[in-house]
Structure formats: C-alpha cells, structure tokens
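Here's the structure we're looking at; comments come further down.
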Amino acid sequence: MLEVFKVAIVGASGYTGGELLRILAVHPKVEVKVATSREYAGKPVYYAHPHLRGIYRRLKFTKLESPEQLADVVGDVDLVFLALPHKVSLHFVPKALEIGLKVVDLSADYRLKRIEDYKRWYGYEHPYPDLLEKAVYGIPELYGEKIKGAQLVANPGCNATSSILAVVPIASAGFIDLDHLVVDVKVGSSEAGAKPYRGGHHPEREGTARPYDASGHRHVAELEQAIRDFTGKDVRVGFTPHAVSMIRGSLASAYSWLTKDVKDLDVQRAYAKFYAGKPFIKIIRGPPMPYPDVKNVYGSNYAEVGFALDKRVGRLAMFAAIDNLMKGAAGVAVQNMNLMLGIEEDEGLKYLMPVRP
C-alpha cells in the first residue's frame, strides 16, 4: 500500500503558501491536512487562491494565533511548512520540533549559522543558538545528504539561491578571485509578497528597473556562508539586487577575475561535475539560447546555470535563472520535504514543466 505523508502549511494564504498548495495537490505521496491563515480562517483555500477552486474541495483555512496552539491545530501531521514572516516563524520552530514534527521553515530565521550574523543582518539577538546549529540550509544541490537526516531545514532566500547556484561550483573549483566577487540580481515583483507596498507593488515596478538595498541586502549573508562552507574562506561579496518589470524570476549575474588560465570546457566541466545527478539543474551552453533565461524556468523547480568567459580582460561571468516562487521558495521547499521524508527527490516536481511564453 502506498504510504501517504500528512503535512501542514502554516501561513498558507500568501504567494508561497499558494505555490505549496498547487504543487502538493498533485504530489502522489503527500496530503495537505491543514492550511492556516488568520485573515481567511474558516474559508475554503480558494478564497485566497482562486486558481485552486475545484482542486481542494474540502480544505478550509484554520486559524493559528500562537506557537502554543500548534499541536492542537496541526494534529498528527508528519511535517510542517512554516511560510511565516521573519521573526514570526522564529518561535514556531522550537514548538514544532518539541511536538516531534519535521520542519521546513521558509523564513530567514534559521538560515545563518553564526549567531552574530543575526545581529548584523536582521537586528536582533537570536534566542535559539542551539537550533541554528541543528538547522540545515535548504539547497539540496549543496546540502542534500544533510537534508535527508534533518529535523529542521531552513529554506533559502530566492536571490541567495540564484546567486549560490551560479557561484559556488566555480568558487569551489578555485577558478575565480573571491576577494573581488560582484553579484547582480534581477528579481520579479512577486518576491515582495502578496501584500502590496510602495516599492514592491507591481504597478510601481512595471516598465522600470531600479536597484534596492544596494549595499546591504540580507541574502548576501547566505551567499557568503555557502562560499565559506565550500572553500573554507571568509569572503565579502559585492551584492546588488534590482527590481525589474516581471512578476516571477530571479536572474543572478556574478563577475570576478580569473585566477587560472582556464578554457570554456574547464568551466563547463566544473559545473557538470558539481551538479552531476542533480535533477533540477540545467547547464546552458550553445544554441538556441546561450545563456540562462528566467522565461525557461517559469512555474517550475528547474534552474538554468551558465557562464561567459571573457579572455580579453581575464574575467568570468556566471549566471543562474530560477523562478523565485518555485526554486527560490515553494518548489525547493517540497524538494527538501521529499528528502526529509525519504521520498524520491523529484517527486511531485518533475512533471511541473516550465510555462512558455
């Protein structure tokens, strides 16, 4: 008999919660038992996600006010997704672990290992340093074996994910000068969340492009941590994201000077070796489109990575394109869930093909 795991989504009314519901609706080994929302409590999930009308016929949003109510609300599920804002998720995690649940936390509250980094980047003293040690950073292409045995996975940031996928294979190969690494990310308006505000609201972003958090974006801490994990070197990366006129997508373009006389084939082999056996990575070389394109991964958990070797100036450009709501959020969360529950890594995701045009 097919084993079906039960999961709960806490904070299911936002964009990421909606994507989790969409993916899990067709997952053959998982059933969503609980979806919480204070705003939509008691209403069918399609009130927040009209595209899911007729898909979830009985599931209604449940109200969850505090971590103390968690056990009563989620019941006997196997795993909980916490799709809550930063600092809100912070206190739900220890309660979920206390009652024996596996946790995929989609906030930033457990992504960084160094406790001092939370004071630096988020402005607070982290109250659970022991759980920072226990948490596994949730990029399966880098930390998949650790994720398999984890009780707590810290889902990565979307801009951090695209940057890490572009840079870490080449950094670990020793091809680039890590002291002069610069990363530029173009990201769609959905990364700002479902509740509009002046800078993130799509009408304010349509038809324009502009930098934001140009010298202090929090996701750079995740990139620097991943580089440290795979090279043993503490680095400071120049990192600037740009709000652009698209709804979905995160395109990272990273640049640094070469430290070795390498050829195109050397770089391609470094990516291929690092991502061997990784089902959601596509290495882009040659026609019809020589570089990663967010349009090619829209609506999917796939990532495109690629590069351009500029021998004239001795510089390497590294690229990665993802859907920020999928590989940058809900898609990788399900990929992490699969590994944690002993399910095939690509289950429920491999048939979610990119949508084009």
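Positions of Cβ are set from backbone N, Cα and C atoms, glycine also.
Per TrEMBL, these features apply:
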- 6-150: domain 'Semialdehyde dehydrogenase NAD-binding' (DOMAIN)
- Ser13, Gly14, Tyr15, Thr16, Asn324: NADP(+) binding site (BINDING)
- Cys158: active site (ACT_SITE)
- 193-212: region 'Disordered' (REGION)
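For the domain 'Semialdehyde dehydrogenase NAD-binding' (6-150), DSSP puts the residue distribution at 57 helix, 26 strand, 62 coil. Sequence-distant neighbours of Thr16 (NADP(+) binding site) (same chain, 6+ residues apart, CB-CB distance under 8 A): Ala83, Leu106, Leu325, Ala329, Ala330, Ala333. Among the binding-site residues listed (Ser13, Gly14, Tyr15, Asn324), Asn324 has its Cα nearest to the Cα of the residue listed as 'active site'. For Asn324 (NADP(+) binding site), the count of additional Cβ atoms within 10 Å of its Cβ stands at 30 [all protein chains shown]. Mean model confidence for the domain 'Semialdehyde dehydrogenase NAD-binding' (6-150) is a pLDDT of 97. The candidate set comprises the recorded positions Ser13, Gly14, Tyr15, Cys158. Of these, Cys158 has the most other Cβ atoms within 10 Å. Largest CA to CA distance in the NADP(+) binding set (Ser13, Gly14, Tyr15, Thr16, Asn324): 17 Å, whole number.
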